[in-house]
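Structure first, commentary second.
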Amino acid sequence: MPGAMRQSTSNLELLTIYEVSKILGSSLDLQQTLREVLRALAYQLQMHRGRVYLVGEDNVLRLVAANGLSNEAAAQIEFRDGEGITGRILKTGMPAVVPNLAEEPLFLNRTGGREDLDEQVASLVGVPIKAAGVVVGVLTIDRISDEGPQGHFGSDVRFLTMVANLIGQTVRLPHVAEEPLRDAETFRMQKELRPIAAPINDVVCTSPNMLEVMAQVHRVAPFKSTVLIRGESGTGKELIARAIHNMSPRKDAPFIRVNCAALPESLLESELFGHEKGAFTGAQKDHKGRFELASGGTLFLDEIGDISPNFQAKLLRVLQEQEFERVGGSKTIKTDVRLICATNLNLEEAIGHGKFRADLYFRINVVTIHLPPLRERRQDIGPLARHFVAKFAKDNGMTLVMEDEALEVLNRCTWPGNVRELENCIERAATQSRDGIIRTESLSCSLNLCNSSVLFQYRTLGASVGGLAPSMGPGSVNRVPPGRPGVPAPANAPKAPAMPAPVPEPAGAGSAWPACASGCSAGPSPVCGAAQPAVPVPLIPLPLPEPSAPAAAAPAPTSVTNAAPPPAAEVPLDEPESGSLRDRLLWAMERTGWVQAKAARLLGMTTRQVSYALRKYNIEIKRF
C-alpha cells in the first residue's frame, strides 16, 4: 500500500473513532446507539454487516444490534460459549479472522444476508468486547472484496479492538452507576431482615427485642472482639455466650467457662493463670490455667463484676498484653483467646463506688449485648413454657401437655428469676401432674409455694437477694433500697408493691412466706397477676423491754417521697409502709451478711431484740 494511501486510511480511522465516541455519548438508548455505530463503520470504512452481540446472565451471546436486520429478526439469534466463530471469540477472548466465509466450516451463517455476493468474497473480522478485563460481548464485521481474500487484516483488528473497547465502557457504565444503588438496597433489605435471624442453640424467642439480640449475635460472632453480656440472673447469658462461640471461626476450639463469683481471689488467680509445682501448699504438680486451656478458643468470664479490684489489675494486664505468668512461675506464656464477659451488676455504678476499675471496664466493654428480662418479652413466655414441657417429657420418657388456662396464669407472672425461674416452675408443675396434663392447680401459685412476691418486693426496693439482681434496665441498678431507715429516698424511687394476703391455713399452722391467692387466676396483681384482697398483711409487734423513763412521743409519719425519714431510733417497727416486721428483719439480715449486730443498727433495734425476733419467727441463721 503506497504511503499516501496508508496515511489517508489512518486519518479516516481516526475520524471514525471520533465519530463513534460522539455517537456512544449522545444517547442512553444502547440498542439505537450501537446501530448508529455500525452504520458509521459501514459508511466511513466499508465495514459491512456489522453485528454486536452481548452476553446475558445465562452466559449466552445475543444479537442486540445489526446492519440490515430488523429488531425482531435480531432478537432470535444467539450463540452459546464456543458455538461457531462468534462463540469461539467469546470463549477464547481473542480476535478471529476468516479470510473466506464460503470455505469456513465453523461459519454457521445464522444472520444470513450474504447470498447476493455473486463472485465477491466475504471475509469476517471479529473481536471481543471487554469491560474491566471481562468479555461482555463480540463485535463482527464483513469485508467484501472483488479480488479474492485479502492477505492482511491486522489494521482492521486493531481498529475494531479500539471500537470494541469504547462499546465495552458504554455497556458497563449503567451497571457502574447502579452498583451503589444496588448496594444500598441490599444493605437496606439485610437490615430489615436482621431481626428475623434464625434461632440459635436452645434460645427460644419470638419477641422483637430478643430477635434483635439474635441478630446482634449473628453480627458479632465472626469477629474476635470482646463481648460484654449484661442482664439479670436467669436471662440466659451463658447460652448467648456459647452461641457466639459456636457461630465463630473458633467453634472447633475450646469454650472455657469460669464463674468469677464462685471462687475466692487466691483460687481464682490459680484457676485463670495456672500455677507451678510447689507454688503453694498442695501444689504438687504444674497446673494449666483457663487462659492457657482456652488458647485458640473462647474464655467466658461469668459474673466478672464480682472480682476484687486487686485482681482486676492482674486481669487487665492479661487482656492488654495477651500474656501472663503462672502463679509461682516466671515464664511468660502467650495466649490467644476471645473474651466474653457477663454480669448482672451495674458496672458504671460500681466504678463510681470504687469497686470496679474504669480501665478494665473500657477494655471489656467493646461490644455490649443487653438481654431483656422475661417480663419485658412476654411474647416468649408461651414458646418457652412449651419448650420446657417438651424437654421435661423427653428427659423423663413421658407424654406431657399444658392447658391453655395454665399458660395464661404463667403469662401474668412477673418472673423475677426470669427464664431459669420459668423452667423450674414448669418442672415443679410437671412433677405435680397426675395424668400428663399441667393444669392451673399444678402450678406453684395454687400450692402456696410461689416465692416470687417476696423476691419482687426486695427487687423493687433495689436489694440484691441471694444473688438475684435488682430490677435493672440497660444500665441502671439501684443497690440501696429507697426509703429504708436512716437513708433518704430519692424523689422518683419506686414503691414496693403491697404483699399479697396469706391464704388462710388451719389453726396452728404457720407459713414462712406470703403466698399467692387463687392460683394467680383471678386478675392482675403486682407480682403474679392474681387478684388480691384489700386486706393488709397482719403486723406482729415486737415486745420491747419496759423503758426506764417515759419515751418521747413519736413524730407523725411523713411521706418518704416528700420529706426525709425520722431518725432510725424513732422509726416505729410496725410502720405499715415498711412491710411486716419479719420481712424487714429478713431484709436487714440479708443486707448485713447475717450479722445480728449490724442488722440491729440498721433497724434501730438492740442486738437482743433482733435475736429474740429471729427465734420468734423461726428464721434460721445463715452461716458463711
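Cβ from N, Cα, C; glycine included.
Among the residue ranges 285-316, 317-348, 477-508, the one that Swiss-Prot annotates as region 'Disordered' is 477-508.
Taken through DSSP, the DNA-binding region (596-615) splits into 17 helix, 0 strand, 3 coil. DSSP states for the domain 'GAF' (29-171), grouped as helix (H, G, I), strand (E, B) and coil, give 50 helix, 42 strand, 51 coil.
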